[in-house]
Amino acid sequence: MPFCSYQEGLKVASDLGNKAIQTEASLSSLSPVASPIPTLQKAFPIYISAAEAYGHLLSSKLVPQSDIETVKRKWRLVLERAEKVKSRIEQLGGHVAKAEIGDRGEEIAVLRRASLINGVAVELWRPPGDTFDAGEPYREAVQPELAAAQLDMDPEWRDIQADCWLHQAPNEGDWVMRQGPVSDCSVVAAMGVGIKHAGQFGTAFGWENLYPQDAHGRPRRSKNGKHILKLLLNGAWRSVVLDSLLPFSKRDKTPLFTTCHPAPHILPTSVGSPWAPLALKGYFKVHGGYSLRGSNPSSDIYEFMGWIPERIGLKEGFQREKEWKRMKEAWHKGNVMVSLGTGSKVSEGLVKLHAYGVIRLREEGHERILDIFDPGATSFTMSWDQVCAEFEALHLNWKPSVMPNTATRHWSWPKPPDLPSDADPGMMNTRYRLHVNASSPSSSLSEVWILLSQHITSRDRPLDDIALHVFEGLGPNNSRNLGAIYSEGLERTNPYTNSNHLLVRYQLRRPTSDLTLIPSRDRGIDQTGFTLNAFAPASISLSLERISRTLPFTQRISGNLTDRSAGGHPGWPTHMTNPQYKVVVRPGEGKSEISGRIILHGEKDVPWNVKLIWGRGQLVYELSEDLIVADTGSYSYGIAYCDIPELQPDTYTLIVSAFEPGQTGLFSLSLEATAPVSIIPIAAEGAGMYNRVVNGFWTERTAGGRPSGGTYESNPRVEMVLSKPATIQSRLYLPTRSPVPINLTIFKRAQGGALGEQLVTTGPYSDSICGVSTGKMKLDSGVYLLVPSSYEKSKGGWVLKIWSDVALSAEIVG
């Protein structure tokens, strides 16, 4: 919304604001029996339009300095009014329009609420004017909280000597960081990495963020002691205002802050280049003080430079050869910064839970070497193999030009008490659709990166456990799964992390794709703002939009994977024991096509999957590809999701499963559609009956094989005793998947324990993964022998389940 002049922009914004007020004021003329919702729904988007107009005006350079606060106040007023109108609509049972303008208005509100961190106001970034450091000396009433080590040194706050500004930013030569008595090693490691990178590749770390600046864009001494630091905080570049006072020891004048010196530095009392301690003061101010224990260097580099952060665990599932190659190639182009983190257990010479910076990496013959910087000590070298063994995490920051195309969205998660009493918190997860289009389909498919960031408000409030789930539709050419999500086993690691940034690198499978992005959080107890950034190479275009939380018809059901029902993935013989549901899709209005959506939210440590099957609402014992209508794809921790573009009116069976047998947990399942749907549980096999489970083993002596083999009577026998007539059913299966054909036959017990009359058999020997079943049958009271056998005298374990509508006993007798 570009404006030619300040007056034009102010008039547009004011007119929209007045129109919104007049629309809302018309409520007073409504009949007492008329609903206020339609009028409020008209007023809401007009308020948002007014807020957008004020926002565009503020982001321009048209507003005179003297009017900025007035325009900001009007902007806040219309936003606050919009929030109140939206809240009123929802209280009355209505919904605000799902138009893009509403999303934009909500995003503006999210960024505005994120402007207070640890009690420090951090307004959205605007380049400061040339005279902001003129006038009376600027001194803040409260200085950042000091760390215990600083307090022990009898601190005082005083200004930097003017001649210190002769030591300018480290753009050439060798500069070193000295941490000093500061608790946070991560930001010092980040700054050390940035300075070394600047010396090698000419990047500008930190000093371009500090104002005022001279004609060359370098920080200079403030005339009145007021500085402004530019940091990327809570989804946007923001201003941190600070004064020029720094802590020194009264005893010996030693600086009680991190310093940056030409190597080697001369005296312990030397301040070095003043931009570094001042930039760090601004950082510590907004993060709660010098006593901050630290996070990780990649988050700090992201705040100062906007380089994309990535954390890679060096233990489970780490591919060291692949990562070295990727990292080394980017390093030599100046496209990556590297840092490291230790865990709670370290070898001698390393500090636990400590951050280290990598200032150089190289190959010497067959050796791969890293030069590592310790903020609290000195530098040392390690081989790549040593690093992978000794450190817990690899932190990378990627130059934004590597992924120049971006799309960004902001939103807020409500705190649980704000949800309706019958709401499932998982269903409140905001969903986005990322449309990806490669300009040259013939080229090799690239990755897209998606960064989930949670906004911080206080150092005393713990971060949420967050995850980002990415699902890709297979597209119209995959007729088997009707556009269901691509399936490929199990997620490599649990995606939940207790961090403020989480990067997912997603390998595209087609030039044009629609990715469904579902951020989720676990145990979140507060309203929290979040930002979602998508990144792609120059050859790929992106669009990111929020999608509706629900389709018109929704059915929800809660369930539980228990020790008895958790059967694992379809490769396990026990998959049939998983919870199954009858799903009925009824015809919609007219001849319109029906689409659907499956969403499951479960415990975050369990990998989940849901399949919709042509099962006619009956139990499905074994899956085949032609039965699958829709599939949520790879087993994913905490969530399962898929869109179903085409859904026929019919009766289906739906199966919920975890990856491994015995993985238990509660879940909430939602089935949405554009036509009426219903979902009800299907009773498990043998439900409501007495049950006995017999575990046995075919040994060299007892593997008798099939009847025609001559040794059939050597097979194990399970004696079943019925005290009165009963209906029974039984199933024999192998505990692990195996191509061994098996059979179960039931005999009357003859005199002396011999096999008597054959009553029922499961038929031809079968290697079906779910085993073989006798089905339901009626038997008189008496003693019976059940004989499990394999076709080829195979040795190994077997499991026999027997159900009866009367009490029974069953045990191996031979």
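Just so it is clear, glycine is given a Cβ too, placed from its N, Cα and C backbone atoms.
Among the features that Swiss-Prot reports, domain 'Calpain catalytic' is placed at 118-400, with the record citing sequence analysis. Here Swiss-Prot flags Cys185, His354 as active site, drawing on sequence analysis.
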Worksheet entry | Rounded inter-Cα distance in Å - His354 (active site), Cys185 (active site) | 7
Worksheet item: Looking only at Cβ atoms, how many others are within 10 Å of the one on Cys185 (active site)?
Response: 23
Worksheet item: Including all protein chains displayed, how many Cβ atoms other than that of His354 (active site) lie within 10 Å of its Cβ?
Response: 19
Worksheet item: Per DSSP, to which secondary structure element type does Cys185 (active site) belong, with helix, strand and coil as the options?
Response: helix
Worksheet item: Quick one: what's DSSP say for His354 (active site), helix, strand or coil?
Response: coil
Worksheet item: For the domain 'Calpain catalytic' (118-400), what is the mean per-residue pLDDT, to the nearest integer?
Response: 88
